[in-house]
Amino acid sequence: MHCLRDEDALIPSPRGSLPKVCAALVATIATMGILLLSPGRLINLVALATLIVALGPLLHGLYLLFEELLHHSNTRYRGRSLLGHVLPACGLGPKTLLAAAMAALLLYLTRHSLMHKGQSWELVVLVPVLYALFKCLGVLGPSEVEVSDICEERKMNVAHGLAWSFYLGYLQLVLPSLEKSIDSFRDSHRDSFWGRGSQKLLILIPLNANISHKLEDEDSYIQFYDSLPNTELHRAGVRDRVYKHSVYRVKDERGKAHDCAVEYATPLLTLYRMSQERNAGFGEPERRQQVLLFYRTLRDVLDQSLECRNRYRLILIKDEHEDDPHFLSKAILRHLEQQNTEEFCLSGAPQQETNKPVEVEDWHHSEPMSREPTLMISLDRPQPLRGPIEDTDLN
């Protein structure tokens, strides 16, 4: 549980709706203030402000539309409809057009009260023009938070693609048969130190994405032992493509050995190599953020997978372990111990001795609720649902 709390504190959660709440609250306060100070001009001011705000994105969207129609209509949209694809892609969706139309209608209905104030009409022209100019120059471009929120919401990050590829192209294929492979391995390796709770594939996800191809190079307490039986599948034109898992023997500080199937998440190699390539534009801070998003996406995908349930364990490896040469083995053993504890809790308490009588008062404490249901037979005579009714007065 301590490991789960540490991971929850480290993994970024999806962004909420606090900016929307703040915007709605400030807009309500401003509207109430104007209503108290100038109640007769509220509708006029709201219509004018809405028109000014809506005309800016509308004008900028028209600039983008000219670019798309002149240079990219065939290559990017391939003859798709103007209203269905090109206009929404340029920010000229139904919401923007509806807001501009409603503001124009309100302003037309209140045009007489604003006619004597020439500055209002000047603002209607000047503010949208300057907004579109600043938008094109990048002054009013989306912030990093907005771009990150859009990419996470629409699953456009590199981490999302890598997590789904790792799941659909590997884990979904091999995890359903993992338990059978482990049972076959244990039958053929009688000297194996395989615990009863380690029937899962341990997937290591280091935050720095720096993966060693041999675990024994990272920790001397970890040694390669053998491989699980191969899984062969016909895949993408390749006959009998081989998928295999390595079994490592991990020793604790007392020298006790524990065998388990453990491996790194191979897509992290791609993230690490991208951070080393100048053309990728992918630095170390971006790589760390993508690793965290990869972990969160893969965890969410696997949690919804019935084929992979209870057949894996994701281990997030922090990068504050340079001083400890056995950090990796400790992390693996900690998760193995937690698995054994969970397995022990689910397996139930040991059976009581046959020569020890079971007291009737403690029948509800003899077995935990997680055991399989048992049939209980009573030797007493059946009793009615209602007690006897006194009917002597009727006689």
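Cβ atoms are placed via backbone N, Cα and C, with glycine included.
TrEMBL does not curate its annotations; it predicts them automatically.
Per TrEMBL, these features apply:
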type     : residues : note
TRANSMEM : 18-38    : transmembrane segment
DOMAIN   : 44-155   : domain 'STING transmembrane'
TRANSMEM : 45-66    : transmembrane segment
TRANSMEM : 86-109   : transmembrane segment
TRANSMEM : 121-141  : transmembrane segment
DOMAIN   : 157-340  : domain 'STING ligand-binding'
REGION   : 346-395  : region 'Disordered'
COMPBIAS : 356-370  : compositional bias 'Basic and acidic residues'
Return the average pLDDT for the domain 'STING ligand-binding' (157-340) as a whole number.
88
Please report, as numbers and ranges, the same-chain residues at least 6 past the borders of the transmembrane segment (18-38) whose CB is under 8 Å from any CB of it.
45-46
